[in-house]
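Chemist: Attaching a single structure in structure tokens format; questions to follow.
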There are 2 protein chains.
Amino acid sequence: MNTQAFLQGNPGIETVSERDMANAIRALAMDSVQKANSGHPGMPMGMADVATVLFNRFVKLDPLHPQWPDRDRFVLSAGHGSMLQYALHYLIGYPDMPVEELQRFRQLGAKTAGHPEYGHAQGIETTTGPLGQGIATAVGMAMAERLLRERFGDQIVDHHTYVIAGDGCLQEGISHEAIDLAGHLGLSKLIVFWDNNAISIDGPTSLSTSMDQLARFKAAGFDVQEIDGHDFEAIADSISRARSSNLPSLISCRTIIGKGAPNLQGSEKTHGAPLGDSEIAAARQAIGWPHRPFDVPEAIVETWRNVARRGADERREWCVRVGASSRCDDFKQAVHKQLPEALFDELNAFRRDHVEKATKVATRKASEMVLGVVNSATELTIGGSADLTHSNLTITPGMRDVAPGDFSGRYIHYGIREHAMAAAMNGIALHGGFVPYGGTFLAFADYARGAMRLSALMGQQVIYVMTHDSIGLGEDGPTHQPIEHLAMLRATPGINVFRPADIIETAECWELALKCRDRPSVLVLSRQNLPMLRHAHSDDNRSSRGAYVLRETSEPRAITLLATGSEVEIACTAADILRGQYKIAAAVVSMPSWELFEAQTPAYRRSVLAAAPRIGIEAAARLGWDRWIGEKGAFIGMQGFGASAPAPDLYRHFGITPENIVATARKLIN
Amino acid sequence: MNTQAFLQGNPGIETVSERDMANAIRALAMDSVQKANSGHPGMPMGMADVATVLFNRFVKLDPLHPQWPDRDRFVLSAGHGSMLQYALHYLIGYPDMPVEELQRFRQLGAKTAGHPEYGHAQGIETTTGPLGQGIATAVGMAMAERLLRERFGDQIVDHHTYVIAGDGCLQEGISHEAIDLAGHLGLSKLIVFWDNNAISIDGPTSLSTSMDQLARFKAAGFDVQEIDGHDFEAIADSISRARSSNLPSLISCRTIIGKGAPNLQGSEKTHGAPLGDSEIAAARQAIGWPHRPFDVPEAIVETWRNVARRGADERREWCVRVGASSRCDDFKQAVHKQLPEALFDELNAFRRDHVEKATKVATRKASEMVLGVVNSATELTIGGSADLTHSNLTITPGMRDVAPGDFSGRYIHYGIREHAMAAAMNGIALHGGFVPYGGTFLAFADYARGAMRLSALMGQQVIYVMTHDSIGLGEDGPTHQPIEHLAMLRATPGINVFRPADIIETAECWELALKCRDRPSVLVLSRQNLPMLRHAHSDDNRSSRGAYVLRETSEPRAITLLATGSEVEIACTAADILRGQYKIAAAVVSMPSWELFEAQTPAYRRSVLAAAPRIGIEAAARLGWDRWIGEKGAFIGMQGFGASAPAPDLYRHFGITPENIVATARKLIN
């Protein structure tokens, strides 16, 4: 629908043009940044025209029902331009975005954070700011839409994912991984606007890049267009074409950064600093905006509110369709990611069974077995791996691949793209409909770091299956052997890190990860086989307290061995030797999750840690262990990087052995 | 030179073909992987023909002088194919690579680690294995070559950088950043061979990618070719063309993974597992290789040794040219990265000056001032930033940009590419000739993680200038505010992390970073202004002990405040209040580098930490602090993610204030 046709139905506001609507964004962006004395006016002013056409004519949303599942997703990948989004939200009429919020831009407690923060204001679909995250997360959203559409049909699921990306987003490596994945899967409802203003923070982008972005996106399987980003009809035409393409789309919008600021536009000076009072005054003059700061004429606001009215109509029609659908309940369950209760009963039965069998498998193998139960009990899980499927053991019988043209499957070959996998999983989780999990080697958490941090910051249920979790992976050597990665993950707020010691703890940790809906979980799993360590089954999930006494002593404890994952077995052997050969009462504490242990009462923690000297044992860096071992404790683990050799040789070489634990314990006691 | 012409000069070995030479690689790769019962035969067998032509006809090296500065650099980016490199080294005759090393492939202490490890064997130019690192590091090497050539002329510096990259390397995001940079700078002596075998670990690459790689590299500014990777003359022709191109080159080599193994070739089964005895026997039959395991006929070895002979001749001629050059001494100094002693005298004078002036600046600003001194005193430093030059303050007066066609400058606009920046700096450091430093925000260490870890693993002097180091950056909000990053870096072996508290410590830490030639340093710097905290100048570098008592008490200590960076000022204020208002003898310890403090004697550490209760204060995650504060200590810092607001508001909001320290101290004492 073009503006003219649209306005014909609204005779009271026929004088409002899209130029006026765009200038409202410009003015609000200038004013908010100036008031905050901090922020990025250049991008909102440059992309105001594109955003106006996009929202005015195309975007489907209902600000009164911001969680409407079939809304279009809008992702401001160039998150520093947050005032573009906040201005839009105010103008369209999100109830939680009154003008006062714009006036509190970048202030403590405001919804209008420096970069769009998921959960701060309604309608912010994802946290952006670290460049490239938005576009990669959007790929996950578009995947989720496509997968959900396959399951529920286009009467219930049929929306677009729109992205505004900047030069930074396209320079970051993650963009390559994301567009390759999107192009491969042919995610035709993904439409990316590139704010092609040829300016980055240091100056002209020609300082650092000569990339032909159109050719690059074309090579990835995108439909590509280039337009004047200040030509309203060209913008509209390009969006229409993109929407009708059966490929994902890139629209290169040639824009002028800071457009409207007569003396500064086109310069990096508008990128990340207030324009200043005099330039703002000049800009008001230049764009014909005589209104006071934060003042938008009623007619313009009213025109913007038509976006909401149109969306509300569309939502009402959608509600009728969903209500009439036989799949209505299933759809709701999917959207709310409600896992069936029976799943947890089955996991309990699984544990009981394997305690009896004393199953000895690598925890990655245990994870595969658990996943077999999970994926049979629910259709909500979407698995995948960054090209390590048969190492991570993330696929289970009957799972079919997601492939170009076939979205009925539920296993995603993310390719050798850890970062895009993590970001896409964020997008899938944010979109709703699925609980995503994905695998790689723990060492390659490095490559996924940027997106894993956002899983935590946004509190999304994304489950990372990180196998080959120590020198225990053996011959691949130090580049593949994680050392600092547990510390890195444990130091990150809002992540549950699980390092189970055997098949039973693996099942318990998976259960916790599935039940923990408001944060990501990282399952840290061994390549090598590990014996089952429990003496008896308990319905109780012992891992849920984070740490517990696995082997108590009959006499008062002389020493406590604290360990995680594959080192718990070693600690148990050491405890047996200490008791058997030296009559030293050694307890063993398994600590699958530091975060959960930290959340227990001090009394519980004291009862587990107890007063005897403590030795921490983990084939990883020491950092963090002093919290548990105390000043008089000892640590047995890695002092530096690993090496290439068979795993048993490495454990001996680095002294992570029962013998070394025994010797250290005896020294500590004496 | 083609084989025929080449062989005419060697009448004794005219029966040896390049096919024989390549089959030697195949056989050694099969046999070594089988003996190790672990490894990746598919890639060496698939790329044996390309590698043979490359080394036999083109590569310039002298195994007896593996550090020859003008040797060609060869980077096996697909590092899992390490047996390709080890077989080549053995065949060409590196003295440290006898056949016994091949027989010890992947065993403890062998030079033949699972992936090529820099420093293990001569001729391994960089550690590879994490995919994409090799190609990005190679871009840094090619940059260093080009920069050094500009300075010393092509009689002294004129070599190629050859890369073998796999599908994984090209899927990883870092490859995008790297090729964009290489294409932009027109690094024509960079030649990348893509082992285009269409197989990755999960199976056919069509499972996860539809990328037109040739079009993609072309978009980045590469000359691109595609050849049959088993056609010797086509390989040679493509290399000749690539060497004469004025663009960096991609040669897509269509190969068969595991070529030679009649039943398994072309399948992912050859990728990462031994072929098995019967398939190896069948392969011997198929390729006509009747020789016993690890046995290569003398004639074939002798033919391979011609590579070394040719290289030795070239090196001798080069030595004559260098010896005759007026720049000989300068060149040696550059290659050995010998910083002038006067630089350190000037840094000492700088410190004396600013102690007297009590200069109050942000430590990022202090770093800029220090860099002014450094960059004036030496030409060896090469600076840059990932598009945050005027935030990181990494450029100093008189520094000119490196630009396409102009390599006389020494400041690199790395673009919005933190990962490629870090990897390129590794490449520059490995190449020699320069000491690289580069800046970004500390939070974006996340994006550079993969390459920063390799800086540490390889022990390279790369200096990271990480500014905006806490919530002190203010309004940009939680995505830009590092929390866990200090823990992540401190947990990583082999990195010196410096978080200076004022201009004096900044100068001291820079001095330490410049003097520390065998590891990377990370300078963690504030956005906000910080007062000078020293009472007097000392020639002694107080930061060199990692932590020291900045404010001692006259009476016995009642409490010790431990802090780093911007929180030292807050600790000092708290100590003043404790002494002034409450008569509590509070000492303040500044801890700019935990690693250096850890390296001191226990007696020194005890003298600094002392017996009184301790409070750790750092606007970051707690993880790691328990080592210093002990079981009875307290920590004041961040419990979760940051927020968007002016910095002073955030410090108050999160309770990182003198008042909170005072209250905590009083509680701790009572």
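Cβ atoms here come from the backbone N, Cα and C positions, even for glycine.
Because TrEMBL annotations are produced automatically, they should be read as predictions rather than curated entries.
Quick paste from TrEMBL:
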- A:Glu418: active site, proton donor (ACT_SITE)
- A:His40, A:His271, A:Arg364, A:Ser391, A:His468, A:Asp476, A:His480, A:Arg527: substrate binding site (BINDING)
- A:His80, A:Gly129, A:Pro130, A:Leu131, A:Gly168, A:Asn197, A:His271, A:Phe444: thiamine diphosphate binding site (BINDING)
- A:Asp167, A:Asn197, A:Ile199: Mg(2+) binding site (BINDING)
- A:361-532: domain 'Transketolase-like pyrimidine-binding' (DOMAIN)
- A:His40: site 'Important for catalytic activity' (SITE)
- A:His271: site 'Important for catalytic activity' (SITE)
Chemist: When neighbour density is defined as the number of other C-beta atoms within 10 angstroms of a residue's C-beta, which of the binding-site residues A:Asn197, A:Ser391 has the lowest density?
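Modeler: Counting other Cβ atoms within 10 Å of each of the binding-site residues A:Asn197, A:Ser391, the minimum falls on A:Ser391.
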Chemist: In which DSSP state, out of helix, strand and coil, do we find A:Gly129 (thiamine diphosphate binding site)?
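Modeler: In the DSSP reduction, A:Gly129 (thiamine diphosphate binding site) maps to coil.
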Chemist: Can you give me the same-chain residues 6 or more apart in sequence from A:Glu418 (active site, proton donor) with a CB-CB distance under 8 Å?
Modeler: A:Ala386, A:Thr440, A:Phe444, A:Ala445, A:Tyr447, A:Ala448
Chemist: Among the binding-site residues (A:Gly129, A:Asn197, A:Ile199, A:His271, A:Arg364, A:Arg527), which are close to chain B, meaning C-beta separation under 8 angstroms?
Modeler: A:Gly129
Chemist: A:Leu131 (thiamine diphosphate binding site): which of the binding-site residues A:Asp167, A:Ile199, A:His271, A:Arg364, A:His480, A:Arg527 have a C-alpha within 10 angstroms of it?
Modeler: A:Asp167
Chemist: Can you give me the same-chain residues 6 or more apart in sequence from A:Arg364 (substrate binding site) with a CB-CB distance under 8 Å?
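Modeler: Non-local contacts for A:Arg364 (substrate binding site): A:Ser391, A:Asn392, A:Leu393, A:Val465, A:Thr467, A:His468, A:Leu525, A:Ser526, A:Arg527.
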Chemist: Between the binding-site residues A:His40, A:His80, A:Pro130, A:His271, A:Asp476, which lies closest to A:Ile199 (Mg(2+) binding site), Cα to Cα?
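Modeler: When the Cα distances are compared, A:His271 comes out closest.
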Chemist: Could you check which of the binding-site residues A:Gly129, A:Pro130, A:Asp167, A:Asn197 is the closest Cα neighbour of A:His480 (substrate binding site)?
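Modeler: With Cα distances computed to A:His480 (substrate binding site), the winner among A:Gly129, A:Pro130, A:Asp167, A:Asn197 is A:Pro130.
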Chemist: Including all protein chains shown, what's the count of other C-beta atoms within 10 A of the C-beta of A:Asp167 (Mg(2+) binding site)?
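Modeler: Here the count is 26.
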Chemist: Would you mind reading off the Cα separation of A:Asp476 (substrate binding site) from A:Gly129 (thiamine diphosphate binding site), to the nearest angstrom?
Modeler: 35
Chemist: A:Asn197 (thiamine diphosphate binding site) to A:His40 (substrate binding site): how many Å between their Cα atoms?
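Modeler: So the alpha carbons of A:Asn197 (thiamine diphosphate binding site) and A:His40 (substrate binding site) sit roughly 14 Å from each other.
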Chemist: In DSSP terms, helix, strand or coil for A:Gly168 (thiamine diphosphate binding site)?
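Modeler: The three-state answer is helix.
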Chemist: What is the total of other Cβ atoms whose distance to the Cβ of A:His468 (substrate binding site) is within 10 Å?
Modeler: 28
Chemist: Using only the residues recorded as binding thiamine diphosphate (A:His80, A:Gly129, A:Pro130, A:Leu131, A:Gly168, A:Asn197, A:His271, A:Phe444), report the maximum Cα-Cα distance in Å, whole number please.
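Modeler: Output for thiamine diphosphate binders A:His80, A:Gly129, A:Pro130, A:Leu131, A:Gly168, A:Asn197, A:His271, A:Phe444: max Cα distance 34 Å.
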Chemist: For the binding-site residues A:Leu131, A:Ile199, which one has its C-beta crowded by the most other C-beta atoms within 10 angstroms?
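Modeler: The most densely surrounded of these binding-site residues is A:Leu131.
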Chemist: Give me the Cα-Cα distance between A:Gly168 (thiamine diphosphate binding site) and A:His40 (substrate binding site), rounded to a whole Å.
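Modeler: Approximately 14 Å lies between the Cα of A:Gly168 (thiamine diphosphate binding site) and that of A:His40 (substrate binding site).
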Chemist: Of A:His80, A:Pro130, A:Asp167, which is closest to A:His271 (substrate binding site) if I measure between C-alpha atoms? They're all binding-site residues.
Modeler: A:His80
Chemist: Using the alpha carbons only, what distance in Å do you get between A:Gly129 (thiamine diphosphate binding site) and A:Asp167 (Mg(2+) binding site) once rounded?
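Modeler: Approximately 13 Å lies between the Cα of A:Gly129 (thiamine diphosphate binding site) and that of A:Asp167 (Mg(2+) binding site).
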Chemist: What is the total of other Cβ atoms whose distance to the Cβ of A:Gly168 (thiamine diphosphate binding site) is within 10 Å?
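Modeler: Its Cβ shell of radius 10 Å holds 24 other Cβ atoms.
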Chemist: Under 8 Å Cβ-Cβ from A:Pro130 (thiamine diphosphate binding site), six or more apart in the same chain: what's there?
Modeler: A:Gly79, A:Gly450, A:Arg453, A:Leu454
